[in-house]
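Comments concern the structure below.
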Amino acid sequence: MAVHLRILVILMGLTVNDGSLFVAGIHSITTISKVSVKAGGSISIPCLYELQYVSNVKYLCKGYSWTSCSYEVKTNTQSSGKFSISDDKIQRIFTVTMKDLKEQDSGYYWCAVEIKNGGDEKKYFQLSVTRVSEVSVKAGGSISIPCLYDSRYKNNVKYLCEGYYWNYCSYAVKTNSASSGKFSIADDKIQRIFTVMIKDLKEWDRGDYWCVVEINKGTDNGKYFHLSVTRGKISAHLKSFVKSCLFAEKHYRGSHCLLQNFCQSKVMIIHVKFGKVYIYHLYVDHQEITASIEDKITIKCHHSNRGVIKWCRLGSSCVTEPSGSIDGTAVTINRSAPNVFTVAMSELSTESSGWYLCVQGELQMPVHLTVTEKPTTVKL
């Protein structure tokens, strides 16, 4: 919900204050170009139209190609559960709301006005729905971020972009240029994962980043994440954050604040709701694991008691306790101690190599596994 509120504030601000986005008379329809929202959240998209279309039917259409997109919701028909639409004829803005968003809802959409005896007026925008959106690391440390991409982008340039606004972010590192000292990037075209590595992190490195695939003659495809870098203790800025959240509770009863932080090598969420402070964490002992074929490995996921426990492979399936398999590798999950669950993987093969996620509730911690051939011994 916090992400939803944050995006809505930005959009409404653009509607009222940002003349560069909503300028009547320049385009028949004007809207945002790209927006990102967390899975499970909601988003409202404002679409400005010209005065001559006040009485026309408005609608949302989904699909990359305008000629083959499909209706999702219209102002002259009943709204569905996921999509709703409203038309403010005074401000000449119709607003499309999408809720309970899933990753498969990502894609291209069109704000459109129905024109009788003519071609409909339209404007497209791109929606990205993401699962892993926050990552944290201790100052002075390093972090590796795995970014999974579709097979059609195998030969495209990949890059990391820094900045909250997609249109104004700046390149940090690209696969077709030399890496800097702080940032490096590697592209595994077999597993379709490019990995961005950021080292020697400082507190001022915290902020908003995008994993991006460069699209020739088209809009680049990107996924957003937020990076928090802290000094390792619950510092003054964190206490200040909690205090400000408590202050906000007095003014916006029922709302809540979320912050993901890193304290003593742990991913941590500080959750303030109705004046009470809740702290949740998730961490692993090692983010990089190496094993041999047919070995059995165990990964300890330290957590607080909140949410469903899972072990997932990035871009593949998940296993919930007590057992299951991922791509032919046997997986068992045991609650070995209070606030610890242990993942055991057996029958390893070289195909088991890749990125996995230790999941507990809304927290996710990436773990990279490399499986190698067993060394051969020669008797003399």
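Glycine residues also receive a Cβ, built from the backbone N, Cα and C atoms like all the rest.
Whatever TrEMBL says is automated annotation, not expert-curated.
Annotation source TrEMBL lists domain 'Immunoglobulin' at 32-130 (among others). Secondary structure of the domain 'Immunoglobulin' (32-130) per DSSP (helix as H, G, I; strand as E, B; remaining residues coil): 9 helix, 51 strand, 39 coil.
Positions annotated as domain 'Immunoglobulin' by TrEMBL: 132-230 (among others).
Annotated domain 'Immunoglobulin' per TrEMBL: 286-372 (among others), in sequence order. Confidence annotation: the domain 'Immunoglobulin' (286-372) carries a mean pLDDT of 84 in the model.
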